[in-house]
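These features come from TrEMBL:
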{"type": "TRANSMEM", "residues": "41-57", "note": "transmembrane segment"}
{"type": "TRANSMEM", "residues": "77-96", "note": "transmembrane segment"}
{"type": "TRANSMEM", "residues": "108-127", "note": "transmembrane segment"}
{"type": "TRANSMEM", "residues": "171-192", "note": "transmembrane segment"}
{"type": "TRANSMEM", "residues": "204-224", "note": "transmembrane segment"}
{"type": "TRANSMEM", "residues": "236-256", "note": "transmembrane segment"}
{"type": "TRANSMEM", "residues": "276-297", "note": "transmembrane segment"}
Amino acid sequence: MRHGAAGASRDLSPVGPVAYPNDACACSLCAAAINSLSETLLAGGALVVLLTLLVYADTLRRVLSRTVPVAAKTHTAFVISVYPVVALATLCAVVVPRAQLLAEAVTQGVFMAAVYQLWCLLVAYCGGEAELIRRVKPGSLNPRVGPCCCWPCCRLPLLAVTKRNVRLLRVLVLQLPVVQGLLYLVLLVMWAEEESLYEVNYMYLQPIVVLSILTGIWGLLMTIKMLSTVLASHLVLGKFLALQAVLLLAKFQGLGARALAWYSLLPCNPPLTPTVYANLMYNTAMLVEMLLLALFARTLYSKDIPDLTDGLAQGESPPSPVCVIEVSTQKDLSASPTKESNNNNNGIADETKVSYKF
């Protein structure tokens with residue numbers, strides 16, 4: 001009986017591991033596929049970044065050879081550097097997925113600084129704020145432009161182009177890098193302290209981010225509309241769109257990629273979570289788009305533009321109004337016998353005109 005009971009107990013015991021060899025093969029195949037995909041993405045991303053850097057170098061060479069003011073060359077070099085910097089930050093996020101937030105902060109900060117540099121570039125094209133005011137007058141500053149005051153209900157009056165209003169435009173654009181930099185610094189500190197703290201407070205800071213962006217773009221668009229006649233041949237609107245596309249692509253594509261992860265539309269193969277897949281798609285698209293935008297910017301900034309400060313650079317002063325005063329004097333020649341014989345018209349006054357210029 002004991003022997004039978006023991007046999008029965010042996011029959012009921014488990015039969016050892018099930019399908020472990022197959023699971024090991026599947027895991028090894030998955031790891032090999034992931035490694036192959038990551039190597040391909042890294043190699044392709046590095047190639048795209050290298051091409052973007054080459055395009056930037058060629059564009060910078062063309063800009064430095066143009067006959068434009070030195071200040072305009074400096075601001076142009078900063079504006080077109082946004083594309084290689086964003087591409088490098090995006091490649092770092094591809095290599096290190098946990099650096100995604102840092103890459104987004106770099107993208108946002110570089111774009112905001114480039115917007116202010118673009119505003120300074122427009123002023124440099126005119127030769128400075130004083131020359132800008134002189135060239136625009138008797139024009140006016142129209143605040144009824146997008147994105148803040150383009151609605152029919154917006155009834156803001158036209159403003160005079162004065163030094164105070166031009167400085168107000170500068171402040172509207174300058175607040176972009178300052179406010180955005182401080183906000184992303186706060187977000188990075190929260191993320192470093194605890195990721196859940198960052199996720200909770202992220203949405204509460206977004207209204208300030210959006211308001212700052214809208215205000216800065218509004219100030220830049222007012223400047224562009226004010227200078228539309230003065231800088232008609234400088235391709236100002238195209239340069240603005242080439243820069244604005246960086247923000248639009250970063251924001252809307254990032255939101256779309258996160259939506260795919262939120263609604264579980266992407267696979268989950270640990271350690272590759274849906275968020276990792278979403279960030280990978282977003283970063284890959286950004287790399288290619290930065291190369292295309294760099295090529296578009298190269299086309300814009302390589303074209304010859306007139307130098308409005310050419311006369312000022314040669315030491316010529318700007319034209320000023322001249323006031324001419326004419327003084328007429330009359331002499332009675334009838335009393336002079338000598339001049340009377342030589343003059344056919346006796347008694348006609350001889351007029352002398354003296355001009356004074358002020």
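Positions of Cβ are set from backbone N, Cα and C atoms, glycine also.
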Quick one: do the transmembrane segment (41-57) and the transmembrane segment (276-297) reach 3+ CB pairs under 8 Å, ignoring pairs fewer than 6 apart in sequence?
yes
Pairs of Cβ atoms less than 8 Å apart decide it: which stretch in 108-127, 204-224, 236-256, 276-297 has the most with the transmembrane segment (77-96)?
276-297
Cβ pairs under 8 Å with the transmembrane segment (108-127): which stretch of 204-224, 236-256, 276-297 has the most?
236-256
Sequence-remote partners of the transmembrane segment (204-224) [C-beta within less than 8 Å, at least six residues beyond its ends]:
112, 115, 118-119, 122, 141-143, 145-149, 169-173, 175-176, 179-180, 183, 186-187, 236-237, 240, 244, 247
Same chain only, please: residues at least 6 beyond the ends of the transmembrane segment (276-297) with a C-beta under 8 Å from a C-beta of the stretch. Say none if there are none.
41, 45, 48-49, 51-52, 55-56, 59, 79-80, 83-84, 86-87, 90-91, 93-94, 97, 100, 103, 239, 242, 245-246, 249-250, 253-254, 257-258, 260-261, 266-267
